[in-house]
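Trainee: What follows is a structure written as structure tokens; I'll ask about it next.
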């Protein structure tokens, strides 16, 4: 009976607890507990992430933290947001000068080389910290001596002042790609080609590259350009090694240059962020999977601790860090039109080329000879008689017969008249006695006997220029030869020089002949 009464009391109490209208405590807020964003995982205290913030603590908090510990916490906000960080008042870290020993280091960005915000230690908790962008990098260091309570920090996300006028970021389209194989191309145009997002929408796309287990991935940029260079809040290309978590962020590019990346795991993630004003940003990356030596089977050794698939050798694309896979590939390249030519085709081409060369040679010879032939023909047809008298060169004196001693030593009489040159012309730039004239039968170097014979033959046909009455002393005319050049090389001589008041004796004539011969020989 007693047992029944006790059983009824228990049931009644349970019913009263389940159906009573007594107020209950507020429901706990849903939280996400994981190790994403902290390294090493499980050894750095609590790490709690929530949609609008989270918290993290030093190891063993609120108890003393262990010695020789280094923990890194990386916080990432959504696009167009920044991070506010606060430290709890219960705070104690070993004090030291400039915090060289135990300390907390906070940097404005996702990397250990991002701009430093501050380094903290001692008994006073740090002040409020705000990031300039989407990331904060926090490191806690404890040496081997003098442990303390440690810290507890919490954070939340707020709107970035640089995007205050744009308002809240609208939901982003889902944009993810899966890729694998010995090689492949990752490029930004895939977003539009596969309809992942409109050209007017902001995108936050990820490409997951999966290599065989134990392999690694080599990334080489073939093309890269950011529409808003050096504005990482608007556009960037990031590379992750192992996962898409922020602690696995390997490199981030938002300037004008992007370097090749060597991943150490078999999972690589390429991420592209571009807001509405940066959709013309583009990139093109070649990925190659490889494993470390020794190279087994038909793998190709790249001379850089890389063994790649043999199908990538001589494929026209550089898959190794250095172009070892493309050196000496002429015999392995695709056949060209020259490779398809047989002996007959080569013979026809050779004969045709020979004929063309011969014709060109003949044409060149004709062109060289033709101008000279035309010149010779024009010279043969030249007629000096067509030249006008006005084109003849000016007159000049060829020689002067003056009183001198004869060649034979005879002295002329004192009353012997002087031989004067009244007119002399030389046609076409040549004169009597020149080298050309002498080679073409010039008669300038006549002997004394020949000169006397010519003068005697020509004397009867010459009329005195003045009446005989005007020369009572019996003046006689002596004509001296004037040479001119003709086309056939012959030379003409005009007899137009006069000797006034000269005697007609044989001795005087011989002296005159000698004088004429001597003067002509001296001048020519």
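Every residue gets a Cβ built from N, Cα and C, even glycine.
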Trainee: To which of the residue ranges 300-322, 323-345, 346-368, 369-391 does TrEMBL assign the term transmembrane segment?
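Mentor: TrEMBL lists transmembrane segment for residues 346-368.
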Trainee: Among all chains shown, work out which of the disulfide-bonded residues 44, 295, 307, 314 has the most CB atoms within 10 A of its CB.
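Mentor: Within the set of disulfide-bonded residues, the most crowded position is 44.
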Trainee: Let me spell it out: take the transmembrane segment (346-368), skip the flanking residues so only those 6+ beyond its ends count, and list any with a Cβ under 8 Å from a Cβ in it.
Mentor: none
Trainee: Quick one: give me the count of other CB atoms within 10 A of the CB of residue 320 (disulfide bond).
Mentor: 22
Trainee: Do any residues at least six apart in sequence from residue 71 (disulfide bond), in the same chain, have a Cβ closer than 8 Å to its Cβ, and if so which, in order?
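Mentor: The answer is 38, 39, 40, 43, 44, 45, 58, 59, 139, 140.
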Trainee: Do any of 314, 320, 329 (disulfide-bonded residues) have a CA within 10 A of residue 307 (disulfide bond), and if so which?
Mentor: 320
Trainee: For residue 314 (disulfide bond) and residue 320 (disulfide bond), what Cα-Cα distance in Å is obtained after rounding to a whole number?
Mentor: 11
Trainee: What are the sequence-distant neighbours of residue 329 (disulfide bond), meaning same chain, six or more residues apart, C-beta distance under 8 angstroms?
Mentor: 313, 314
Trainee: If you run through the domain 'CUB' (44-158) with DSSP, how many residues end up as helix, strand and coil?
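Mentor: Final tally across the stretch: 3 helix, 55 strand, 57 coil.
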